[in-house]
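Have a look at the structure below, then the notes.
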Amino acid sequence: MSEDKYCLVTGGAGYIGSHTVVELCEAGYKCIVVDNLSNSSYESVARMELLTGQEIKFAKIDLCELEPLNKLFDDYKIDSVLHFAGLKAVGESTQIPLTYYFNNIVGTINLLECMKSHDVKKLVFSSSATVYGDATRFENMIPIPETCPTGPTNPYGKTKLTIEDMMRDLHFSDKSFSFAILRYFNPIGAHPSGVIGEDPLGIPNNLLPFMAQVAIGRRPKLYVFGDDYDSVDGTPIRDYIHVVDLAKGHLAALKYLEKYAGTCREWNLGTGHGTTVLQMYRAFCDAIGFNFEYVVTARRDGDVLNLTAKCDRATNELEWKTELDVNKACVDLWKWTQDNPFGYQIKGVDSKFFGDKGDFSSRVVSLGKGTSFEVKLANLGATIVDIVVNGCSVVASLDNETEYKDQSNPFFGATVGPYANRIANGTFEINGKRIQLTVSKEDGNVVHSGINSYHSKKFLGPIVKNPEAHIWTADFKYVDEETEFPARLSTLVRYKVDSEKKTLTVEYESKVAGQGSTGANITNHTYFNLNKFNEATIKGSKVQLIDNTGLEVNNKLLPTGNLKKYTQVATFNDSPTEITEKEPVLDFCFVSGLPAKLDTRSSPLTPVFKLSNEDAKLEVEVATTEPTFQVYTGDYVDVKDKYENRAGICCEPGRYIDAVNNPEWKSSVVLPAGETYGHKLSYTFRTL
């Protein structure tokens, strides 16, 4: 069993659950998300990781299956539970009531059984204002207090009330259990970052996501059900609460249970203010900057005039109140909708497990799938696993995570960092302090960060977006946990795939996580073989460089301080150099002519390397903002039963070799807290 304490969040990949996980993480809790993904997506979990900068453990489990749930409780020290999982559509529940009763109630029974057998005593339950039914049938019950008699009118609400009763009965039998029952009203909005939000599958059941889909062009018009109610504009009044406020309410309830053990109590979560349907329509139109069509139709069965919450109990006891109004919710929802018009479901994107089946932290995500330019990326090392051009793979790649973790892997496609290339004797000085890294037994230096290398680390994410039909982006993030370097780095790797231009752009951005200064030099280590489908090596390909001037190096491949012409390779002004079985042998650092600085992204993306193959009728051009680029002809690439030497050629843009020990270049690789390291590179493929 793990030693760390965890908060288990069932249904944590869903709308309200995901926003609550973010609040929990930001408050210092470690979370495990359990979800069967029947009406949600794992992509929300990947996005939560980047949003919080933390690993969020995930298990795909159906609560109706007791055995895997029980094993999860065996494997982790679970301290508390937030229970969101369940079917939740009111209308659907009237069509398939038995499914709702089985899923929601049996799943909760299993959860409570596991809690009881593992001595887990705290649970925050996601109930609903639907347990009240039509509160207007009573006098003086609007706004609705927790003392209002219950009377749900649909199977969904009845399952919620039944679960509440189960918890009250369990608490009556064992006062060591603590239950916070949260009855909330109408959640709206999205996280202000636009990274997570509501992603309804099919036709939205709720007003705001339906309006958003009309505004973005996915649906023709909005339907308003009735305008003859006794309200200011004739439409029903509801209590709309920003989902971030709602998530913070769950955090407040959990803290209450931690403070007052043995509690079993209900709290309304709402704003206490009513908004009509047309008032909400106008607020949303103000947020998006234009009006869209709506049509008034007949009243909907079961709708009542006013369902507004009385929230005094939550304000007084949980010390919680809403801070975000409906206008802010509309603004945040529109940002989410614009950034993610189809939610988490993105055309041209596919993901598969890369490690053990069911390990969602290790996936390969394909961008541009179904086009003539597809890029496959892995969490491990934020690695470029494959680039497929016109249906053919053009890079050296391996089959799975195990092969990439093997010591024989020559960093194929990996993000190399936190410090690429060589550091002499594995030592350097920052702010008067001498740093010593674990050196290589072969030459006594450190290459590609040695034991600290990113290529074997699991990156969080990715956040995948599709801003244009032919463009996809994927953001990966890694925050150093333990490192021999003097400070931890938080590194963002952003891939951008343009299937029309057949270009892959990579952007790196690093900041110190905390205090101090450290070395930073991050790049990619992809090996190209444009004729891979016909030829096992790069024999027959042709290469050119922007300049064949490079750093002179000693027998340990460390710079002497002089520049040298490497005439065995052609420049852009010459006829390209043809690669044979043995010549040329390249493992040199060439200069691009671009300035060396801490963040080079303001420099122009400059072509520095071209590789072509006439048989494949293909060329790749590497462009960079960096001052140097290392070129390897792969003479020591020998992966048993997979690849032989010269299986690919690598162009690795970066800073000067051993810059951290050179006064002239040191400022370009020493990153202090509060400043930013960055650079860009691109791979563009063209048909000859």
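Glycine residues also receive a Cβ, built from the backbone N, Cα and C atoms like all the rest.
Some features that Swiss-Prot has for this protein:
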- His525: active site, for mutarotase activity (ACT_SITE)
- 6-37: NAD(+) binding site (BINDING)
- 1-346: region 'Galactowaldenase' (REGION)
- 347-688: region 'Mutarotase' (REGION)
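Structure coloured by features recorded in Swiss-Prot.
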residue: Tyr6; record: NAD(+) binding site; DSSP class: strand
residue: Gly14; record: NAD(+) binding site; DSSP class: coil
residue: Val22; record: NAD(+) binding site; DSSP class: helix
residue: Lys30; record: NAD(+) binding site; DSSP class: coil
residue: His525; record: active site, for mutarotase activity; DSSP class: strand
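Around Thr10 (NAD(+) binding site), taking its Cβ as the centre, 26 other Cβ atoms fall within 10 Å, counting all chains. Neighbours of Val34 (NAD(+) binding site), defined as other CB atoms within 10 A of its CB across all chains, total 26.
Glu26 (NAD(+) binding site) counts 13 other C-beta atoms within 10 Å of its own C-beta, drawing on all protein chains shown.
For the region 'Mutarotase' (347-688), the mean pLDDT of the prediction comes to 96.
The distance from the Cα of Ser18 (NAD(+) binding site) to the Cα of the residue listed as 'active site, for mutarotase activity' comes to 35 Å. Cα of Val22 (NAD(+) binding site) to Cα of the residue listed as 'active site, for mutarotase activity': a distance of 33 Å. Note: the CA-CA distance between Gly14 (NAD(+) binding site) and His525 (active site, for mutarotase activity) rounds to 37 Å.
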